[in-house]
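Asks: Provided herewith is a single structure, encoded as structure tokens, for subsequent inquiry.
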Amino acid sequence: MDSKKQQFGVLTLAGFALLSAGGPLGTDMYLPALPLIGRDLGASPAVVQLSITAYMVGMAMGQLLIGPLSDGRGRRGLLCFGMVLGLIASVVCAIAPTAAVLIAARFFQGVAGGTGVVLTRAMIADKLRGSAAAQALSVMMLIIGVAPILAPLLGGVINQAAGWRAIFFTLALIALTQILVASRQPETLPVERRHGGGPVRMYRNMLGLFRRPAFVGYAMAFAFGFGTMFAFISGSSFVYQEVFGLSSVGFSVMFALNAVALLSANSLNIRLVGRIGARRLQRVAVCVIAAGAVAVLLCALVLPRDVDAAMYALAAAVFVATFGVGLNMSNSTALAQGLAADRAGAGSAVLGAGQFVVAGVMSPLVGLGSDRMLALGLCMVASVAVAIAGTLLAAKFAPHAQ
């Protein structure tokens, strides 16, 4: 670990990981309970999946609001605010009497999750650039990678033992821990580096990033690369439980394999990025995602649904795609943030908002039609195609120093 990255020790990065774990915890933990939530609240699968969409939209809007504001007001205070909001929203989710209340509370839970994501990413960008930033992000994501392994397993066990509402009470306890961690974080953006001029100027700075084509390209690669994985996340419980007949715990075990892919990818990235460079690894990553996505589509088109081999082939294809997503996320983030170093909060907001807008769109699309596997494969291939287009755009305009 180089001297620059020592500005963020392992404990600090672990704290950042917890604060930005709202995404995997807020989605993965309650995925095994989606069918039960629908039956309990009298809602269709499409309506229940809107709770995922609401969370993703909240994540996007939270990042768009908080990221630029933090460039003018600092990171720490806004971080604490977001974690408190997450605690309140989780409790409301736990006691929601209707699907409408659950969906609304999930939106604010998403805003809180977005706050943690956008600010921890900006705090790293305040201190590090290029491969050093990619390395630190990979360490953080390696730690976060434990969440997608444990969250669905824990959610499945809690769901069977105590019901879906207990899952959200558990998320409330996690939010309380996040508040304690946020209150102990130092401020990384000194007053002299903050942008004045009020909210109008802050958001003008954010919009100015869209005049940087290389930044836009890496943002596309980041968001639509993640969209490839999220297409699977949003449709996986229905595919594994309704198509292949797994229990909620069995689904959780299969789902956790993808977290292993993310962990493996980030572990490899930590070792390679200093030697190969973030730019080259990012290009390799989108090719790996494409290979996995095409394999998923082929599984849907060719394999029968009533044999175990089809389920295992699907799991293997998704594993490959998710491994590519793990490689892509750290490197495309670091490369994009390096092109927005003068406005790290705004840059982080654009990345995160794009990521979760794409995720919010993917969730209902995967739910369309009667053939869930085919819809999943088509969505994954379409998403990675846009990620490849973004990579090509960045390759044309990015400075070679990256």
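A Cβ is built for glycine as well, from the same backbone N, Cα and C atoms used for every other residue.
The domain 'Major facilitator superfamily (MFS) profile' feature in TrEMBL is assigned to 10-402. What TrEMBL records for 46-66, 78-97, 103-124, 136-158, 164-183, 215-238, 244-263, 284-303, 309-327, 348-367, 373-395 is transmembrane segment.
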Asks: Among 164-183, 309-327, 348-367, 373-395, which stretch has the highest count of C-beta pairs below 8 Å with the transmembrane segment (244-263)?
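Replies: Ranking 164-183, 309-327, 348-367, 373-395 by Cβ pairs under 8 Å to the transmembrane segment (244-263) puts 309-327 first.
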Asks: Let me know the model's mean pLDDT on the domain 'Major facilitator superfamily (MFS) profile' (10-402).
Replies: 86
Asks: Out of 46-66, 103-124, 215-238, 284-303, which stretch has the largest tally of CB pairs under 8 angstroms to the transmembrane segment (164-183)?
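Replies: The stretch with the most close Cβ contacts to the transmembrane segment (164-183) is 103-124.
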Asks: If you count Cβ pairs under 8 Å, which stretch among 103-124, 309-327, 348-367, 373-395 touches the transmembrane segment (215-238) the most?
Replies: 373-395
Asks: Which stretch from 78-97, 103-124, 284-303, 373-395 shares the most C-beta pairs under 8 Å with the transmembrane segment (309-327)?
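Replies: Between the candidates 78-97, 103-124, 284-303, 373-395, the best contact partner of the transmembrane segment (309-327) is 284-303.
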